[in-house]
Amino acid sequence: MAGSTPAPHGDGPLVGVLALQGDVREHVRVLEGFGARTRLVRQPKDLPGISGLVIPGGESTVMDKLSRQFGIAEPLRAAIDDGLPVYGTCAGLIMLADEIVDAIHDQRGIGGLDVSVRRNAFGSQTASFEVDLDVPALGAPPVHAVFIRAPVVASVGPAASALASLDDGRVVAVRQGALLGTSFHPEVTGDLRFHRLFLDMVEDAGRTL
């Protein structure tokens with residue numbers, strides 16, 4: 001994964017994928033499958049021209065540290081404040097949360113989503129699981145969701161809305177305006193309705209940095 005030149009796929013919007021760490025390629029493949037163009041984003045110079053951004057799953061503490069080392073954290077927060085559509089999956093949701101209730105060391109994330117999250121809420125990777133989720137915003141059938149060392153949304157503030165919850169009531173998908181977050185990994189299941197929803201959000205926003 002080298003360079004930040006848009007991939008020659010489709011003529012849709014140019015969507016960045018934060019490429020500091022995590023399952024970057026999977027998101028690129030899904031986005032390009034929908035006809036979007038993609039750009040790997042690591043530094044502030046990679047932001048101008050994109051119409052949306054995906055923050056992939058991975059290790060949130062590593063991603064947080066690298067985002068500051070590469071100088072992308074503050075410009076990205078400014079872009080979010082300016083209305084850039086962003087979709088965060090798993091660690092990406094943690095990065096978007098305004099509060100990380102069990103943050104370690106100086107972990108801060110980027111923020112923007114009016115939620116608090118709890119890291120690794122379901123235990124270690126051996127405790128990963130799959131479940132079908134009812135997501136009214138996406139209609140039938142249920143979304144088959146894969147949770148891998150996943151966070152959970154501990155609380156949803158007044159600016160955000162829950163899109164999906166587990167049977168025990170724990171929230172695992174949220175939206176706030178142009179921001180979208182899921183605890184799980186739609187990019188690995190073949191059910192790509194959350195990516196389609198995000199691209200619709202990008203189109204509705206109709207903006208570029």
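Note: Cβ is positioned from N, Cα and C throughout, glycine not excepted.
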Further L-glutamine ligand in Swiss-Prot, beside Gly58, Glu59, Ser60, Ile148, Arg149, within candidate set Arg29, Arg118, Arg119, Arg175: Arg119
Shortest C-alpha distance to Arg149 (L-glutamine binding site) - which of the active-site residues Cys90, His185, Glu187: Cys90
His185 (active site, charge relay system) and Cys90 (active site, nucleophile), Cα-Cα, nearest whole angstrom: 7
Output field, L-glutamine shell: CB within 8 Å of site CB centroid, site Gly58, Glu59, Ser60, Arg119, Ile148, Arg149 dropped: Gly57, Cys90, Ala91, Ile94, Asn120, Ala150, Pro151
Among Cys90, Ile148, which are recorded positions, the residue with the most C-beta atoms within 10 angstroms of its C-beta: Cys90
Assigned element (helix, strand, coil) containing Ile148 (L-glutamine binding site), judged by DSSP: coil
Cα-Cα distance linking Arg119 (L-glutamine binding site) and His185 (active site, charge relay system), given in Å to the nearest integer: 15
